[in-house]
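One structure is given here, and the rest of the page talks about it.
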């Protein structure tokens with residue numbers, strides 16, 4: 001098997017989102033003896049290109065333009081379509097992020113390709129590739145085979161491992177001139193959520209609170225535990241609706257879908273809408289005073305008791321162990 005796979009890197013605040021490197025790891029499985037090509041779009045991105053090579057890309061193509069300084073669907077689609085037309089790849093991979101979910105279907109329509117979204121794993125055997133993605137709110141998994149045409153997919157963060165970084169790797173970095181114009185979208189202002197320094201979709205540890213937190217001020221104990229574990233704080237829709245926290249923290253069917261290594265559910269009942277957004281976490285720990293709470297049905301470890309007593313004790317113990 002020898003294929004050329006494009007991996008679209010995603011940059012936020014001058015840094016790569018880690019799913020960009022996970023995409024390279026996936027591309028290496030798909031390309032076989034072929035080529036993994038990184039793609040960077042932006043205003044000034046060339047200086048970051050070598051990092052994609054360090055994580056496994058064979059070479060990188062950059063498209064730089066003033067109209068790519070902020071993500072817009074029209075601008076990025078124009079630029080990426082130009083790269084696809086030049087490279088004629090066998091496959092394209094993006095992260096299943098807010099940008100990827102917006103950009104991928106638009107590009108797929110432009111180039112007449114199908115699209116497999118929200119891929120969590122792959123089965124590769126010779127030229128045959130099976131993409132696996134969750135369906136029915138994570139209750140089942142669907143296997144999809146691309147029998148002809150372009151292999152185009154979005155990869156859910158924290159599922160397909162990135163390769164080890166190797167700063168000795170070298171590769172070609174080339175720029176492509178694209179006249180990005182006629183944009184229908186103008187970015188006036190970007191307002192960033194400051195409630196957490198770690199992106200929920202890429203956090204390896206998430207401490208999440210539900211209505212059992214009983215108030216906005218009580219989320220402080222979750223912040224403290226998350227900080228000790230170098231994690232992020234999330235919430236159920238119920239907690240957000242009750243105005244305990246910002247909707248930016250919402251995890252679930254109508255919020256963010258996450259797959260951390262460790263998910264600590266605090267004061268959460270385990271409603272199906274919430275479970276849909278976190279059931280694929282590698283380890284789930286539930287803390288609830290109700291021994292019949294649904295969350296215990298999917299938890300690997302459960303603690304029955306008063307969260308206001310348990311969480312501070314956990315924080316103190318983790319501080320000792322991790323000191």
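Positions of Cβ are set from backbone N, Cα and C atoms, glycine also.
TrEMBL lists 5-195 with the feature domain 'Electron transfer flavoprotein alpha/beta-subunit N-terminal'.
Mapped onto three states, the DSSP output places residue 253 (FAD binding site) in coil. The local packing around residue 253 (FAD binding site), expressed as other Cβ atoms within 10 Å of its Cβ over all shown chains, amounts to 16. If you look up TrEMBL, you'll see 211, 236-237, 250-254, 267-274, 288 marked as FAD binding site.
The binding-site residues in question are 268, 271, and the one with the fewest Cβ neighbours inside 10 Å is 271.
The Cβ neighbour count for residue 211 (FAD binding site), using a 10 Å radius and every protein chain shown, is 18. The C-beta environment of residue 250 (FAD binding site), restricted to residues of the same chain at least 6 apart in sequence and closer than 8 Å, consists of 234, 235, 236, 237, 240, 256.
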